[in-house]
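S.K.: Straight from TrEMBL, here's the annotation block:
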type	residues	note
TRANSMEM	20-39	transmembrane segment
TRANSMEM	51-71	transmembrane segment
TRANSMEM	83-103	transmembrane segment
TRANSMEM	173-192	transmembrane segment
TRANSMEM	212-229	transmembrane segment
TRANSMEM	241-269	transmembrane segment
TRANSMEM	301-323	transmembrane segment
TRANSMEM	430-452	transmembrane segment
TRANSMEM	472-489	transmembrane segment
Amino acid sequence: MDVSAVLRRLAKKRPSYYHLHVLYFVGLSLLGALLLRSFGTRKGSTHNHFSFLDCFYTAVSAMCLSGLSSIQIEDIPASGQVLVMVLMVLGGQVLLSVVPLLVKKHRYCKIARMALRPRVKSNSLFKSLYRTLCLRSNDDLWMESLASRPNLPEPFKVVFLEHQAICHLADIVVWYLLAVHLLGFVVAWISIQCSLNTKSVLESKTINPGFFALFATISAFNNIGFVLTNENLVAFNTNSVLLLDLGLVILLGNTLFPVALRGILWLLYRYTTGTKKEVYTLLLEHPRKYYLHLFPKTATLWLLLAVTGSNALGGLIFCALDWNNEALDGLRPGEKLVNGLFQSFSTRSGGMNSLNLVELSQATLFFYCVMMYIKPYPVSLREEQSREDDTTLLTQSRRNLANDNTFLFLLVIFSSISLNSQMEKDPRNFNLFAILFEVASAYGCVGLTLGYSCNLRLQPGHCKDTTLSFSGTWNAPGKMFIIAVMFIGRHRDLPYHIDSTTDMEKITRLSRRPSFIALTQPPVVVPESTPPV
């Protein structure tokens, strides 16, 4: 076998979107782990340093939106907390979903420009590069002007409208992301300032209220579950406004994102005219052709019904089984209801907890475990299932339940084997249900955990309660297995290619027609005498 020939073929092979996505996450996780370890620990911490495995575990958890921790967040210095927040943003589902839109937009412009074959000649490489950048900066305006031309042949009009649809959709998603973050942060900050209990808790921990509100909002929108306090939101379970605000941000950042996005497009369609109205019509009628998180009308209604029904069912189970639970001692009826709803919102993907989960009933915990395993969306995002003729909920639900089951089954077995000695010595903390709960949380990118409690130990001896995730107390092989589960869960149903539903070859053939070339005119070219900036 010629190894050099194989390497040459691999070098020529174009990497897929899926492979680039995995490399992006692995690379940033390793870089984040190195930086987090270099920052050391907060002054006054009981730890002298963090191990690289724990730093890598935390970085992967932040990037993969898992929210599980093997390091107490309060032991991380301020620079490390900012790094964790940056990793949460860079791994955010909504932010990364904009990248395929930008790539598609660039390809549309590139295909149209290839038909014109503009020749950029210059005496120097710097001037040539400058003129090329000027041409590309006018691409979007040029394509928009072509789309608005009267008496445009239908095949050409569709191409230009599709380009405009992608441009408008990218703008809407970015503004949506910024608006939800801003409103969520403002409400969270005001709720903290108006609550003496919340302010006193943060002051006792020397945590800045503004930074706490910003960190919690970013974590909630990206559905990670990290909070700047070791006990998560348990100390703030009487602040109903803060819980409702973060709960709404959790929904808008994940399960209700497609519903909100389609609602925005429908409003823009109703109150715009001309070419823009045609663009929004195209997006509403053929959503799966342009964006992973945009679904047809029927599927969107089913998603809204599924989110409402699952959250209502979770709240009902919580109220029926845990209304008088010790975990809710000291809370008024209204605060109990808010905590039950917040925990239900957070269970699907948010990962924050305002109550000590280990004190809840086993039936409630089993329901939470099932909800974490089920996908947030009732329709799939895979390449072969993102076409318009494959949005049947029953068909996709069967496929969703079968995804990655073999890998998860093996990882649960390996985790149980690696933890066998601890399961024998401490069976009430290390039991099969606790392991399944942790794996479901990691695979669902949720972050809820049962933790570790000294009160459950059967054998006497020195023990110290910890606020780490349950998997944060595992040995090195167990942590590596959970890291693998995080990566699998973050990349499930990810499309293999960006343009799986867009026939770019057809558009390329269309752009080579003489009628297309005659119709389009090159955008304004910077004169040769214009000096570079």
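Quick reminder: no glycine exception, Cβ is built from N, Cα and C everywhere.
Unlike curated records, TrEMBL annotations are generated automatically.
A description of the local structural setting of each listed feature is requested, covering burial, neighbours and distances.
M.R.: Here the transmembrane segment (20-39) has long-range neighbours at 49-52, 55-56, 58-60, 62-64, 76-77, 79-80, 83-84, 87, 90-91, 96, 487, 490-491, 494, meaning same-chain residues at least 6 beyond its ends whose C-beta is under 8 angstroms from one of its own.
Panel annotation: around the transmembrane segment (51-71), residues 25, 28-30, 32-34, 36-37, 84, 87-88, 90-93, 219, 222-226, 349, 351-352, 438, 441-442, 445-449, 468-469, 471-473, 476, 479-480, 482-483, 486-487, 489-490 of the same chain, lying at least six beyond its termini, place a Cβ under 8 Å from a Cβ of the stretch.
Residues 251, 255-256, 258-259, 295, 336-337, 340-341, 343-345, 347-348, 360-361, 363-364, 367-368, 371, 377-379, 393 of the same chain lie 6+ residues outside the transmembrane segment (301-323) yet bring a C-beta within less than 8 angstroms of a C-beta in it.
Counting residues 6+ beyond its ends, the transmembrane segment (430-452) has Cβ neighbours under 8 Å at 61, 64-68, 223-226, 346-353, 357-358, 362, 365-366, 368-370, 372-375, 404, 408, 411-412, 415-416, 419, 422-423, 465-471, 473, 482, 485-486, 488-490, 492 in the same chain.
Within its own chain, the transmembrane segment (472-489) has Cβ neighbours under 8 Å at 22, 25-26, 53-54, 56-57, 60-61, 64, 66, 68-71, 404, 407-408, 411, 414-415, 418-419, 422, 438-439, 442-445, 452, 466, counting only residues six or more beyond its boundaries.
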